[in-house]
Amino acid sequence: MILLEYKQLLRSRWIQIVTILFAIVFTAILMIQHLAMPDTTGFTRQTASLLNILLFLLPLFMLTIGSMNIASDKESGWLGLLRTYPLNMGNYVLTKYIAFCLVFSGIFLFVVTIAFLVGSFFGGIKLPLFAIGITAIIILIFNALSIFVGSIAKSRLHALALGLGVWSVVTLVWNYIVMAIGTITAEHVLQKIVILSIHMNPLEWIRYGYFVFSKQTAVLGPALYGVSKFYTSYVGFLFFLFISLMWIAFSLLGAKIILTIRGKRG
């Protein structure tokens with residue numbers, strides 16, 4: 001079942017377009033870093049560019065493609081056909097999740113290979129280790145969210161709209177909301193709101209994790225020193241993993257419940 005889903009996804013025109021687009025952008029960023037900028041350590045403008053590419057493009061691809069794939073199964077009647085077999089919706093959701101993770105992991109591996117191949121003609125390029133870790137977390141969390149979004153959608157167009165809506169909220173609207181709240185609240189209250197918002201937004205959660213575990217917490221400022229110090233501890237690391245797993249578990253469980261309920265109604 002997983003292999004079947006994997007092959008179907010690879011034949012998708014959307015996946016092929018996304019792979020080409022991501023390869024061009026990712027390779028261009030690495031080449032600019034290599035040719036125009038000296039090797040430096042720490043958080044630089046180039047590091048920020050690569051981080052933003054991963055945090056903006058990958059969730060967009062996953063939320064749209066993943067949700068549309070689930071909605072397509074419902075719209076085409078494929079999911080209804082599967083329900084005629086003794087198939088648990090949990091197995092269906094888990095199969096989709098594993099297939100999505102494998103496909104996007106393969107896309108990233110392919111893109112990195114292309115980047116290194118192009119870079120070899122210019123003396124070789126370096127891929128920051130954080131890019132691999134960030135990509136892995138993005139793949140695990142946002143593929144789960146895409147399945148949840150797809151389970152809510154009634155059609156592929158609806159799934160596309162929901163996916164773009166969720167993406168715009170976690171990447172753009174969320175920060176503006178926090179900034180707007182900051183204009184009407186005291187500084188100590190805003191500090192607590194910012195900490196809470198980091199835990200409630202998966203994109204900001206991943207971004208924050210990068211700063212903490214790459215020891216770049218100075219970028220965050222003194223306001224987050226206390227919570228950052230906690231997450232650099234062993235207990236904090238385990239808590240970070242726990243929160244990340246909760247994002248995955250609740251998304252997949254929610255998708256299973258919604259698909260099961262709608263299956264009984266149908």
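Any Cβ shown, glycine's included, is placed from N, Cα and C.
No curator has checked TrEMBL annotations; they are predicted automatically.
Model, not experiment: these values are computed from the prediction.
The transmembrane segment annotation in TrEMBL covers 14-36 (among others). Residues 46, 49-50, 53, 57-58, 61, 64-65, 68, 103, 107, 110-112, 114-115, 118-119, 122-127 of the same chain lie 6+ residues outside the transmembrane segment (14-36) yet bring a C-beta within less than 8 angstroms of a C-beta in it.
The transmembrane segment feature in TrEMBL is assigned to 48-71 (among others). Same-chain neighbours of the transmembrane segment (48-71): 9, 12, 14-15, 18, 21-22, 25-26, 29-30, 32-33, 96, 100, 104, 128, 130-131, 134-135, 138-139, 142-143, 145-147, 149-151, 153-156, 158-160, 162-164, 166-167, 170-171, 203, 206-207, 210, 255, counting only residues six or more beyond its ends whose CB sits under 8 Å from a CB of the stretch.
Marked as transmembrane segment by TrEMBL: 97-122 (among others).
The transmembrane segment annotation in TrEMBL covers 129-153 (among others). Counting residues 6+ beyond its ends, the transmembrane segment (129-153) has Cβ neighbours under 8 Å at 47, 50-51, 54-55, 58-59, 62-71, 74, 93, 96-97, 100-101, 104-105, 108, 159, 162-163, 166, 202, 206, 209-210, 213-214, 244, 247-248, 251-252, 254-255, 258-259, 262 in the same chain.
The transmembrane segment annotation in TrEMBL covers 159-184 (among others). Tertiary neighbourhood of the transmembrane segment (159-184): same-chain residues 55-56, 59-60, 63-64, 66-68, 70-71, 145-146, 149-150, 152-153, 190, 193-194, 197, 201-204, selected by CB-CB distance under 8 Å and a gap of 6+ residues from either end.
Look at TrEMBL and you will find 237-259 (among others) tagged as transmembrane segment. Below 8 angstroms of C-beta separation, residues 70, 79, 89-90, 92-94, 97, 137, 140-141, 144-145, 147-148, 150-152, 199, 202, 205, 209, 212-213, 230-231 of the same chain, each at least six residues beyond the ends of the transmembrane segment (237-259), sit close to that stretch.
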